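TrEMBL has this to say about the protein:
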- B:11-21: compositional bias 'Polar residues' (COMPBIAS)
- B:97-289: domain 'ABC transmembrane type-1' (DOMAIN)
- B:1-21: region 'Disordered' (REGION)
- B:34-53: transmembrane segment (TRANSMEM)
- B:96-120: transmembrane segment (TRANSMEM)
- B:132-154: transmembrane segment (TRANSMEM)
- B:166-188: transmembrane segment (TRANSMEM)
- B:209-232: transmembrane segment (TRANSMEM)
- B:268-294: transmembrane segment (TRANSMEM)
Amino acid sequence: MSATTAAPVWTKMRPKQGALSRLFDWKPFLAFICLLPAAGLLMTFLTYPLGLGIYLAFTDTTIGRPGIWVGLENFIWLAEDPIFWNAVFYSVFYTGVATIGKFALGLWLALLLNQHLPMKSLLRAIILLPWIVPTVLSAIAFWWIYDPQFSIISYLFIEMGLRETNIDFINTAWPARWSLIAANIWRGIPFVAISLLAGLQTISPSLYEAALLDGASGWQRFRYITFPMLLPILAIVMTFSIIFTFTDFQLVYAITRGGPVNSTHLLATLAFQRGIPGGQLGEGAAIAVSMIPFLVFATLFSYFGLARRKWQQGEGND
Amino acid sequence: MTEAAAVSTEPKATNSSSAQPETMAWDSKSRRFVLLYLPMFCFLIILLFPFYWMTITAFKPNAELYNFAEHNPFWITSATLDHIRLLLFETAYPRWLMTTMLVAVCSTVLSLFASTLAAYAIQRLRFQGSQYVGLAIYLAYLVPPSILFIPLATMVFQLGLFDTPFALILTYPTFLIPFCTWLLIGYFKSIPFELEECALIDGATRVQILWQITLPLAVPGLISAGIFSFTLSWNEFIYALAFIQSSENKTVPVAILTELVTGDVYQWGALMAGSLLGSLPVAIFYSFFVDYYVSSLTGAVKE
């Protein structure tokens with residue numbers, strides 16, 4: 001009885017596949033439809049603006065007036081601008097020092113977290129907080145910590161008798177530069193530490209056991225096992241970190257806005273200042289475009305890091 | 001036979017005995033304290049201090065805030081809600097919070113939709129050249145907003161979206177989609193192919209497979225992609241600063257920096273209260289899903 005009723009249901013289902021559903025089952029069409037939203041959005045709001053930005057860098061566009069092609073004039077103008085060269089210098093310096101600081105401290109924190117600790121998952125959750133909270137909001141907290149009159153750090157130093165006067169954090173060039181780097185390192189440590197911790201956990205304990213048998217010291221175990229095994233992840237995380245530190249905007253804009261006397265401008269903040277409030281879109285675009293060579297360099301760095309990893313593990317190209 | 005077993009166990013025993021002093025030395029209490037707990041404690045203090053300071057400042061009355069001589073700056077003697085009241089009732093803070101929420105939710109939904117389909121196509125449909133599409137999306141993630149905001153500002157202006165939330169909802173996916181797609185490709189990889197093949201044999205169409213088999217299995221991946229997108233769009237600053245002009249359309253991070261900082265006298269109490277309230281939604285949202293977050297963050301890096 002049940003078999004006879006089931007059979008017609010099955011035959012009824014088949015003809016329901018109309019032309020439309022067959023079209024959706026056709027692989028090339030389905031792939032096209034699936035990629036359409038993502039590709040459309042990325043083409044319109046990423047690829048096109050990237051091209052447009054490069055074009056704008058060669059024009060004298062200002063807000064409200066479409067510009068004309070001026071060739072390399074923007075770049076020639078920038079090459080004679082000491083503020084631009086100062087921004088290039090500080091971008092490189094900021095990226096270099098902050099990356100070294102973030103990775104040294106982040107690796108240390110990752111090694112600590114890899115030990116047996118009580119409440120490990122809670123610790124990991126707390127440590128990621130600086131990375132989760134909006135950068136501008138934590139930057140404002142740093143601004144308050146760096147306040148010339150009511151800085152808590154100055155208070156501590158004076159209470160401990162280490163200094164007589166308040167520390168000048170952000171009102172002269174070099175202290176301001178170092179203060180911004182410190183804030184950047186503070187924000188960057190969690191991401192580096194958690195990513196490297198993931199790398200550390202993939203290293204097989206048997207390698208350490210073998211090294212212990214061979215009588216390797218703690219430093220030797222780190223130098224010849226931990227570090228080489230961590231290198232592939234280190235390369236990727238470092239590329240990301242370098243790219244996003246080099247193009248950083250929020251922290252500097254929130255704490256110093258490029259001041260005092262333009263000494264802490266990064267390329268991104270200078271591009272913003274000239275482009276949006278200043279209205280010189282062409283010049284701003286030229287400053288932004290001059291970041292591209294550095295980014296290409298960082299990406300190639302990542303690519304060769306990845307290539308090396310595949311070679312090490314003997315994997316084919318996937 | 002028994003002799004061989006004895007021989008094979010012998011070196012094991014010596015191994016463990018020679019390894020013993022090494023681990024003992026590391027586990028000795030004072031050494032462990034100096035090398036492990038003390039640095040860990042310092043890291044925690046430094047990483048958490050700005051939040052502590054933010055919270056303390058938000059609830060301190062001005063008299064205590066600017067007088068370190070008579071009041072211990074690390075504690076509050078008479079807590080006050082004045083700063084929060086000022087923020088909530090005398091500024092447009094609730095409005096900014098709503099705008100930020102709207103923008104974050106809409107752009108998250110939009111990018112989740114687009115990147116789920118894209119990840120499915122790249123990872124499961126396996127058409128010719130799918131790995132190049134994957135690579136292109138990876139490269140798209142490496143293009144930072146600092147390069148794009150000037151041309152995007154001119155586009156937004158020409159499209160008539162300037163100073164509307166739509167400008168942000170449409171531009172945030174440029175950094176959300178690459179990240180989510182990348183994360184979801186990794187997630188789809190972990191779902192066995194056999195399940196889909198079974199469904200194909202049973203006569204399901206590919207759309208049915210995506211909707212009824214793959215997506216339900218990918219829910220944890222979708223959740224972590226959703227949290228990432230939400231926090232990233234909540235934290236976004238440069239587009240919101242460049243594309244929004246009128247006070248009531250600003251997002252929380254931009255509004256606190258541009259609307260609350262007025263003149264030479266900074267209202268530090270209100271500023272810190274605003275920062276605290278602006279950080280709380282992401283922090284709470286994150287704390288619910290912290291395990292998804294950490295595992296997918298580390299998973300994405302491992303890929």
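Residue numbering: from 1, along the chain as shown.
For all residues, glycine too, the Cβ spot is worked out from N, Cα and C.
Please treat TrEMBL annotations as automatic predictions, because they have not gone through curation.
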Ranked first among B:34-53, B:96-120, B:132-154, B:166-188 for CB pairs under 8 angstroms with the transmembrane segment (B:268-294): B:96-120
Among the ranges B:34-53, B:132-154, B:166-188, B:209-232, the one whose Cβ pairs under 8 Å to the transmembrane segment (B:96-120) are most numerous: B:166-188
Among the ranges B:34-53, B:166-188, B:209-232, the one whose Cβ pairs under 8 Å to the transmembrane segment (B:132-154) are most numerous: B:166-188
